[in-house]
Amino acid sequence: MPKNTKVTQREHSNEPVTESVADLLSLEQPMDYKSSQMSMGLSPGSTAPGKSLLPEQDAEDGRPAWNNKLEYILAQVGFSVGLGNVWRFPYLCQKNGGGAYLVPYFILLLLIGIPLFFLELAVGQRIRRGSIGVWNYVYPQLGGIGVSSLMVCGFVGLYYNVIIGWSIFYFFQSFQYPLPWAECPFKKNGTQAIVEPECEKSSATTYFWYRQTLNITSTIDDTGGLNWKMSLSLLVAWILVCLAVIKGIQSSGKVMYFSSLFPYVVLFCFLVRGLMLKGSVDGIAHMFTPKLEKMLEPQVWREAATQVFFALGLGFGGVIAFSSYNKRDNNCHFDAALVSVINFVTSILATLVVFAVLGFKANVMNEKCVVENAEKILGYLNTGVLSKELIPPHINFSHLTAQDYSEMYGVIMTVKEDSFGQLGLDPCVLEDELNKAVQGTGLAFIAFTEAMTHFPASPFWSVMFFFMLINLGLGSMIGTMTGITTPILDAFKIRKEILCVVCCIIAFLLGLLFVQRSGNYFVTMFDDYSAGLPLTVVVILENISVAWIYGTKRFMQDLEDMLGFRPYSFYYYMWKYVSPAILTVLIVATVIEMSVSPAGYNAWVEDE
């Protein structure tokens, strides 16, 4: 270290010294420190608290560093690519115009996704601190942004790991044939065994999810006590997370080699297998058939912006924390574009897989509908309710196709217009099955599991699917926990092993709220309200802090000093004007939606 730098002056003097970000972090001769307003209470040249366990240390400040670039990229990909890519993006794509939804999504990815992701990568790599320390460097009064980010990480981590626990339960239940959710259970009624009435009214997978897995209560007010099966699954989930992060990036970096790459192996396997199934092309065609009129609806753009925002993990602090372990000359501009593109491609791949499988499921359910209703028609023909003259002569009931049934249904509906409703016949239209939009737990634990029961070797595919969900969730949880532990380790001298264990124990105890019999209601509530608006506020404050408080021009100059080249002017205008405007509109729209949503939420609770 040069002996005449401001950093060494601070170490040997009690006098306050004010430096710019470039002076503090490049450890070069100060250019014009009086023009900067940047300050921090901690010594920028001090080492990270606690003895590092990594074999490789940054030569400048002793901060742990990634062993190689691949580990870092996999960590960022594992954090950003999560369960939302598999069960949220396909649902939004179907709901908001199919292939047409990709247009606003991609535009907003360019306008707010990549620029804000680049901003978080840059400040983390430049200042080399967690979320709290980063914003203290920018301006001491902005440390609350990092505290808010840490708190949101805590809320999200509490219920997110519950979902991993559910996946663990289903994973172990998959090692049996037939799968336990393949058929409705029987109950004894005197000397006879009858199908469980509640299961018969819904479906085997729905019954297994709500009754045998969650054992859910009828209302949120009735807690019902702890569900011991889900409590054990949650404990296993937190043990896995603790083992993955206990050594910091030394342990999490190694875990990412598997947890980030394995889901892609499973997705490709499911895609190949799905394309071989009958009806898969129908599902994919339905998915990507563009409904261009949807692009004119503001709701579509709002939901696309929200999905871009959360898909990249902005505002959690995990992106900043991972980036803070990089070397200062790392090309974070390239990293931002690479991770964003990988995230987008993963969403498309997951959408192909989901709708190939759901297309197969829709065909199976439609054929089942045709068979059941054909039996009703035969019964009406035998009892004389319907005349045999109504049935077209070319129709063969032993080989009845969906087209034949549709023709027969149309004739009967026309002739028996007055009494048609009493016959109880269903139209059995494939499009209706494909239009049944499902997301979240409804997709993973009901629709997808039901489809897999019709696969040959269904236990194998079930094991692969839920193992993939576990790994996707684990990658995101590693980033979430890093977003919590890194700022605490920066501020206090605590051994990271002790901190990780204590955090996981506290989180498990608090997470017992979500594994009561009424826990699913709380998961839904936290998912809807604990992260959406708070994270949006955190990110717009991050944007304003850099663009307007510190100054976009000064930040661009710092990036040029760090990267060796000046980023495109595109980022200047995005950070300065476009991103704050879009985020402001998003916040206003979210507040309006939340102000009218409680009635709808209460109705949902009553339906459940």
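Each residue, glycine too, has its Cβ placed from N, Cα and C.
Per TrEMBL, compositional bias 'Polar residues' is recorded for 35-46.
If you look up TrEMBL, you'll see 1-21 (among others) marked as region 'Disordered'.
Positions annotated as region 'Disordered' by TrEMBL: 35-60 (among others).
Among the features that TrEMBL reports, transmembrane segment is placed at 72-90 (among others).
If you look at the transmembrane segment (102-123), the same-chain residues 6 or more away from its ends with a CB under 8 A from one of its CBs are 93, 134, 138, 295, 300-301, 304-305, 307-309, 311-312, 314, 319-320, 323, 332-333, 335-337, 339-340, 344, 348, 539, 542-543, 546, 555, 559, 562, 567, 570-571, 574-575, 578-579, 582-583. TrEMBL lists 102-123 (among others) with the feature transmembrane segment.
Annotated transmembrane segment per TrEMBL: 144-172 (among others), in sequence order. Long-range contacts of the transmembrane segment (144-172) within its own chain (CB-CB distance under 8 A, at least 6 residues past either end) are made by residues 83, 130-136, 213, 229-230, 233-234, 236-238, 240-241, 315-318, 441, 444-445, 449, 462-463, 466-467, 469-470, 473-474, 476-477, 480-481, 483-484, 487-488, 507, 510-511, 513-515, 519, 522-523, 526-527, 530-531, 534-535, 537-538, 541-542, 545.
Residues 52-54, 64, 66, 71, 75, 161-162, 164-166, 168-169, 213-214, 255, 259, 322, 325, 470, 474, 477-478, 481-482, 485, 496-497, 500-501, 504-505, 507-508, 511-512, 514-515, 519 of the same chain sit 6 or more residues outside the transmembrane segment (230-249) yet have a Cβ under 8 Å from a Cβ within it. Per TrEMBL, the feature transmembrane segment maps to 230-249 (among others).
Using a Cβ-Cβ cut-off under 8 Å and counting only residues 6 or more beyond its ends in the same chain, the transmembrane segment (261-284) has close neighbours at 74, 81, 346, 349-350, 352-353, 355-364, 430, 434, 455, 461, 464-465, 467-468, 471-472. Sequence annotations record features per position, and here TrEMBL assigns transmembrane segment to 261-284 (among others).
Per TrEMBL, transmembrane segment is recorded for 304-325 (among others).
Positions annotated as transmembrane segment by TrEMBL: 337-358 (among others).
TrEMBL lists 460-486 (among others) with the feature transmembrane segment. Sequence-distant contacts of the transmembrane segment (460-486) (same chain, six or more residues past either end, CB-CB distance under 8 Å): 75-83, 85-86, 129-131, 149-150, 153-154, 156-157, 160-161, 163-164, 167-168, 170-171, 174-175, 179, 240-241, 244-245, 248-249, 252, 255-256, 258-260, 262-263, 266-267, 269-270, 273, 313, 316-322, 324, 444, 448-449, 452, 496, 499-500, 503-504.
Marked as transmembrane segment by TrEMBL: 498-517 (among others).
Using a Cβ-Cβ cut-off under 8 Å and counting only residues 6 or more beyond its ends in the same chain, the transmembrane segment (529-550) has close neighbours at 21, 37-38, 116, 119-120, 123, 135, 138-139, 142, 145, 148-149, 151-152, 155-156, 159, 306, 309-310, 314-316, 575-576, 579-580, 583-584, 586-587, 590-591, 594. Marked as transmembrane segment by TrEMBL: 529-550 (among others).
Per TrEMBL, transmembrane segment is recorded for 570-592 (among others).
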Sequence-remote partners of the transmembrane segment (570-592) [C-beta within less than 8 Å, at least six residues beyond its ends]: 108, 111-112, 115-116, 118-119, 298, 302, 305-306, 309, 532-533, 536-537, 539-540, 543-544, 546-548, 552-553, 555-556
